[in-house]
Amino acid sequence: MGGQVYLLCFVTLAISFTAGGEVCVSGHDSGPVFEEQPSSLVFPVGLTEEKVTLACQARASPAATYRWRVNGTDVPVGEDPRYEMVAGNLVISSPQYNRDAGSYQCLAINRCGTVISRPANLKFGYLHDFPPDDRSPQTVYEGAGATLICQPPAHYPALSYRWFLNEFPSFVQPSGGRWFVSQVTGNLYLAKAEVNDSGNYFCFTTNNMDISTKSVFSRANPLTVLPDASPRKSAPNIKVRFPSETYALTGHTTHLECFAYGNPVPKIHWRKVDGSLPSKAAASTNSPTLTLSDLSFEDEGVYECEALNSEGRDTYQGRITVQAQPEWLQVMSDSEVEISSELRWSCAAAGKPRPSMRWLRNGQQIISQDRVQVNSGKLKISHLALEDSGMYQCVAENKHGTIYSNAELRVQVQAPDFRLNPVRRLVPAARGGQVIMECKPRAAPKPTLFWSRGTELLTNNSRVTVTPDGNLQITNISRADEGKYTCFAENYLGKANSTGHLSVRDATKITLAPSNADINQGENVTLQCHASHDPTMDLTFTWSLNGVLLDLEEPSGHYHRVESKETVGDLVIVNGQLGHAGTYMCTAQTVVDSASATAKLVVRGPPGPPGGVIVTDINETALELRWSRGYDNHSPIGKYIIMGRSPLSPEWRRMQTDPPTIEGNAESACVTGLLPWMDYEFHVIASNILGSGEPSMPSQMVRTREAAPTVAPSGLGGGGGDHHELIITWTPMAREYQNGDEFGYILAFRKRNTPSWMVVKVPHAESSRYVYSNQSLSPYCPFEVKIKAYNRKGEGPFSQMALVHSAEEEPTVSPRKINTTALTAFEMLVCWESVQDLTTNIVRGYEIRYWRQHEKEAAADRVRTAGLETSARVSGLRPSTFYYVTVLAYNSAGTGPPSPRATVITKKPPPNRPPGNVSWKTDGSWVTVMWDHVKAMKNESAVLGYKVLYKHEGQSALKVLEKGKTSISLPLPKDNSYVVLEIRSWGEGGDGAAHETIVSRDSGTGMMVQNTARILSPCSYALVLTVLLQSFLSSLEL
């Protein structure tokens, strides 16, 4: 007997065994589960004093032990002093490329099994120096393109590239579109060279590794840009091209590079040929590098780079193929399975290419044999034995990565035991209803189950059924069914039983069922529901709509319960909407049974969205739209309206239709007034007497057919340019007026009063100028010019004629009789005789050049007149300074020959001291202000008088004093406001320094105002008149 007791106690532990024979105890032990796994690392070559740490930590009971493998071979921890284990982490001292590079995996082990980590690659990074050889110099002409080759040294991993000019860190800035540094090759590209681009360029490379960064730079790449008086214009020529086939991974970022030579500098535009450009690329659509972040399969397709300038265009296309690392769709979970039964596990992974699947048990690969069947992501083990227990891993891998899914299998053996899950002690049931009493003991293998009532063994009959899984089901319950019921369980390891009591209660019934209702959208309605029940139990009500349970606790929701008796469960629907229509079910329930009743609610409202919008019969300016009727929501559809939008007008707007009013029984209409060769999409909105409904889903984007242009370009003009050129300009036509592909312009021009026209075609919609060169073309020759547009469908009308002159020649005659007069210390007046009007040398104005005696003429300051005036004031001069002055005629071609030099000496400067000792006295409504005379120094111009700026609130005024006077009388404001004065000396040298003061009705002494801007705004000063003190002396009495 003692042996039997020992056996029963042993088997109730639900044990399992590992392959090594150690016991893994259920409920106490657990197999390893990784909390931290090793990650790939790039370690710099040559850092011999550093260490590499590969992390590995697992949760397990008992605690796990660890082993490591590199390239499938055990790492000799303990044998080689360079390898050390710290907890589960592997530490490698003095890492060496030829000994330590490889793929590392950590194994975590305890008596429940073994798991193996994901692989982590230890790689070694390096960046060699550039070769010491000199680079070959390059020479290009101004306006041409150039490429400077980087030729980076051997390295790992990939580098980032920059270039600097002449000296570090004067880095080349790619902004502006002329420069581009390829991050693929490292080369520096120049779209259009300029003379000041000449210099020595250095390629600067940086290697970013996990624990360090290294940079090196090349020898100088000399670049010389030769000047060209007339740089040749050139169409774009794409020099940097992304691969024709680019492979990228989902979730990663890819960069496409495209850069072109050209003069003018080409603009770059990107598009997706077989779809819309992803919104994530919006920031780089006009950049030489298109950046696509967080890639998805929707980003796959053909991408086109277009380089465009006024001389033409160039394009290049390439495909992005998106692939993906493995990603789990389905994983297995830990399982406890009874002995001799069957295990089925499945795992599934997505990836591109499609991942292959394999299985591991305790770190060893599983193959199909005997009881084990492996079929890709499916594992089946029949007739489970204790030795099948352990840690299992499903492995999915493709060329982009490997992922692991872990689960523990425990094979159980146990006598029946009800301690964790006994039969319910008290099972209530409703009279006339049914009940199920569950019997779920723990046992392995599966036990035999049977039931008894008292001493009576129960067998299946019309009301009593013992189900295959051992549950007892009783239907049509009566009071006679009350009593004790016992479940018995037995397997070859032992027996057990558990007893429960069945208690029969009164049934729940609906006494007032809800009635069908019909409302308009926005109205309220109450659905009634009353019930009776067994008074010993609580009654609750729930409501559902079309089988979905309603939340009646949301305060701001549409549904509310009526607070009343326990037996009343009325539902109030507030502000009923179309979505509230359907079948409502009221359910009254206790813990033993429930009763239900239903009612239908109809909500009338605006129509639902029409369906199936399709476009047919497309022509140049019209098309036919068809749709199917949507729900009328119990109110007949009265009419439809059609809304549309295009890339030029992204907001939805009502479209013109035929017929103008679309009746409610229609299912098609003609949309008119469209633009040719334009993309459109449409949706349809139905309405009835209750309002307009939601719009349909948009139609597919369609393009109207092409047509010849119907309007002429605007802004026709031109002029200027180099000798023997006629430049014609116009405003490029907007997309909505192009009407078709292969768009361009036809120019017709002729000399005025000649019969024959010259006609040229200018391709590309973006073109805005045409240059006609002819060595026989005389300067400023008038031409009659007209323009029209064309596309592959035909030509449009000509514009109105415009008169455009050929390029002018510089004036050939200089102005005469130059006269200069010093006005002040800082200003002079220059006068001259105009150049005679010449037939071929038009004069647009005059340029005054002036420079100091000891300066070179090349450094002269310059002032231009806006028209044909023959005098001009020049300010900003230095006092007491000798200046040379010359005058030149100019036009759009440049300046003519200079006039003979004139000279001038500016006046002495005015005193730099303001009038001092300012005071005032009031007399009634007048105030007399006095100050000390300002005495000029020897190097200053004599004081001839004073200027007074006078301002008080609401008006401005002036007073004039005779020469030498040092006082002034002024009227005071009628109110108590203040007066602001600015007093300064005046003489031949100009105005002296000012004394600013505030004068009030009280007599006093003036104090300098530190910040008059707070008192007199510029607008106020504009109202103040400044007057020479001795002017108009005879007209005033002081």
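Heads up, the Cβ atoms here are built off N, Cα and C, so glycines get one too.
Since this is a predicted model, take the numbers as computed values, not measurements.
What TrEMBL annotates here:
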- 1-20: signal peptide (SIGNAL)
- 32-123: domain 'Ig-like' (DOMAIN)
- 131-218: domain 'Ig-like' (DOMAIN)
- 236-321: domain 'Ig-like' (DOMAIN)
- 326-410: domain 'Ig-like' (DOMAIN)
- 416-503: domain 'Ig-like' (DOMAIN)
- 508-602: domain 'Ig-like' (DOMAIN)
- 609-707: domain 'Fibronectin type-III' (DOMAIN)
- 712-809: domain 'Fibronectin type-III' (DOMAIN)
- 814-909: domain 'Fibronectin type-III' (DOMAIN)
- 898-917: region 'Disordered' (REGION)
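Distant neighbours of the region 'Disordered' (898-917): 814-816, 818-828, 830, 832, 849, 877-888, 931-937, 939-941, 943, 946, 966, 983-995, 1005, 1008; these residues of the same chain sit at least 6 beyond its ends, with a Cβ under 8 Å from one of its Cβ atoms. Residue counts of the domain 'Ig-like' (508-602) by helix, strand and coil are 3 helix, 46 strand, 46 coil (DSSP-based). Taken through DSSP, the domain 'Fibronectin type-III' (814-909) splits into 3 helix, 47 strand, 46 coil.
Mean model confidence of the domain 'Ig-like' (326-410) amounts to 94 (pLDDT, 0 to 100 scale). The recorded stretches the domain 'Ig-like' (32-123) and the domain 'Ig-like' (326-410) share 3+ CB pairs below 8 A when only pairs 6 or more apart in sequence are counted, and are therefore in contact.
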